Amino acid sequence: MRQRKNGSSIKHPNLSDAEAKPQKKSPYSSKDVFLTCLGFRMLNALLIQTYFNPDEHWQALEVAHCIAFGYGHLTWEWEEGIRSYLHPIMFALFYKLLALLRLDTPCVMIKAPRLLQSIFSAVGDLYLYKLSFALFGDGVAKWALFSQLANWFMFFCFNRTFSNSLETTLTLVGLYYWPSVRSSLNKAPSGSRKWGLALAALACAIRPTSAVTWVYVGLLELYTTHDRLRFIFVELIPIGSVVLGITCFLDRLMYDSWVLVPLNFLKFNFLSSGGDYYGTHKWHWYFTQGFTVMVFTFLPFCVAGIIKSKYWKLSGLILWVLGLYSILGHKEFRFVLPVLPISLIFAGYSLAALEERGSRNGEKKRSSCICNKWRSRKQLAIFFLLASNIPMALYMSLIHQRGTEDAMNYLSKEAAKGKVKSIVFLMPCHATPYYSTLHNNLPMRFLDCAPSKGMPAESDRFMMDPVSFAVDFAKNWSRPSHIVLFDSEERHLKDFLVSHSFREVRRFFHAHFKVDRDLQASVVVYAMTDT
């Protein structure tokens with residue numbers, strides 16, 4: 001703690017000050033924080049209109065729809081037993097409830113899953129606030145929550161029905177209960193480590209890669225605790241075994257055989273590098289592109305907060321996770337989503353320091369000029385963060401890559417009216433939602449892209465030569481009532497579609513710029529001329 005020239009101390013929102021006196025009670029109740037976050041996340045969920053990654057639909061909602069209604073498509077991962085049913089079963093139960101209440105209309109089926117996810121997201125927001133408050137006090141907690149709610153990627157991704165989203169919530173709640181994350185003078189509630197272990201085990205059951213996070217926290221606990229034997233033999237092994245046993249029993253019921261998902265997942269993704277089939281990046285991608293884009297304009301505040309706080313336990317966790325995930329060839333933004341909120345805690349620390357600096361200067365006589373300078377810096381920082389993140393969040397959530405969602409929403413409503421008999425998707429595999437959005441047991445066909453050795457997958461062969469593939473494909477098809485494709489392939493298949501008596505019925509805007517293929521500006525729906 002620094003001293004002024006006149007002998008009075010200058011308060012700074014750092015950890016040492018928080019330890020120097022008993023932890024104050026938060027001025028906001030958990031209920032108020034949760035309800036505020038829930039309202040924000042529900043609005044957030046309703047604003048998401050775009051398609052981000054196939055797993056949101058194909059590894060969660062599609063599986064849940066198959067469980068709840070008896071029809072849907074299970075991808076090759078479920079045949080190989082590298083996915084646990086623990087995550088989709090929650091949405092399956094939700095679908096069942098909607099069906100019992102006769103609310104499973106096309107509109108509700110489209111919106112409801114993300115609204116359910118918004119509840120989990122709000123819990124994550126609440127525990128980000130609670131964790132920040134426990135570590136640094138209210139000044140940091142409120143700005144950490146501001147950073148979480150204002151960050152464009154959290155707005156864009158957190159409410160999507162990825163297992164990564166639930167993993168992120170479990171990580172935030174679990175970290176709050178782990179004693180090793182706290183300082184020695186700012187202890188966690190008695191017995192909270194058992195809750196932390198249970199939540200860590202649950203996160204690993206949903207996503208085995210979550211072990212990357214919890215190995216770090218566990219090693220930290222082993223280093224700091226005085227009761228290591230109790231931690232290992234009385235808590236870690238029994239709690240981990242119970243959660244693993246329940247998960248294995250659930251998967252036994254669903255797979256109809258004993259399947260050890262974490263082992264299969266490890267074999268495919270780590271021992272055989274199976275994930276590389278879907279693309280690889282340079283080792284430094286998370287540091288130079290991926291995570292940098294996620295943090296976005298909060299990055300300088302995050303770095304400043306790490307340096308100012310000197311709280312290396314959490315900053316070390318960020319580096320540990322990014323470093324280990326960098327070893328894998330296949331990389332995606334959402335894989336490191338659980339450490340994004342931790343980075344935003346440090347951004348909140350930096351913003352709180354700006355606010356506190358202005359308040360300290362405000363205590364001085366004849367220092368209104370200095371006070372106004374720091375206030376203006378804080379206001380400029382807030383304006384900069386909002387002006388950069390809000391447009392990005394709205395553009396990515398409302399505009400970029402919305403065509404595939406719009407096309408399926410349209411087909412869902414048309415199918416409910418009896419105007420759709422069957423659908424073929426002549427486009428890269430998993431480019432649209434499927435039965436979980438259509439919610440109608442009609443014949444549908446998409447181009448397969450399961451990993452294979454030797455011959456390229458259907459989806460790859462189609463992209464290499466759309467015309468030849470379509471001609472061969474049509475020799476054995478039962479002609480569908482509707483075909484869905486991107487405009488980038490439509491220009492090659494125009495004559496093919498006309499010759500098979502198809503006409504364009506709807507065109508949906510998709511994107512202004514290309515992502516990893518040629519520009520897919522729109523999604524086009526064709527129908528047979530006699531439908």
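Cβ coordinates come from backbone N, Cα and C, glycine included.
Note that this is a predicted model, so its numbers are computed, not measured.
Summarising the annotation, TrEMBL assigns region 'Disordered' to 1-27. Sequence annotations record features per position, and here TrEMBL assigns compositional bias 'Polar residues' to 1-11. Residues or ranges marked as transmembrane segment by TrEMBL: 149-177, 197-217, 229-250, 284-304, 311-329, 335-354, 380-398.
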Going through 311-329, 335-354, 380-398 one by one, which has the most CB pairs that fall under 8 Å from the transmembrane segment (197-217)?
311-329
Which of 284-304, 311-329, 380-398 shares the most C-beta pairs under 8 angstroms with the transmembrane segment (335-354)?
284-304
By a Cβ-Cβ criterion of under 8 Å, what residues six or more beyond either terminus of the transmembrane segment (284-304) are in contact with it?
147, 151-153, 322, 325-326, 331-333, 336-337, 340, 343-344, 346-347, 350-351, 353, 381, 384-385, 388-389, 392
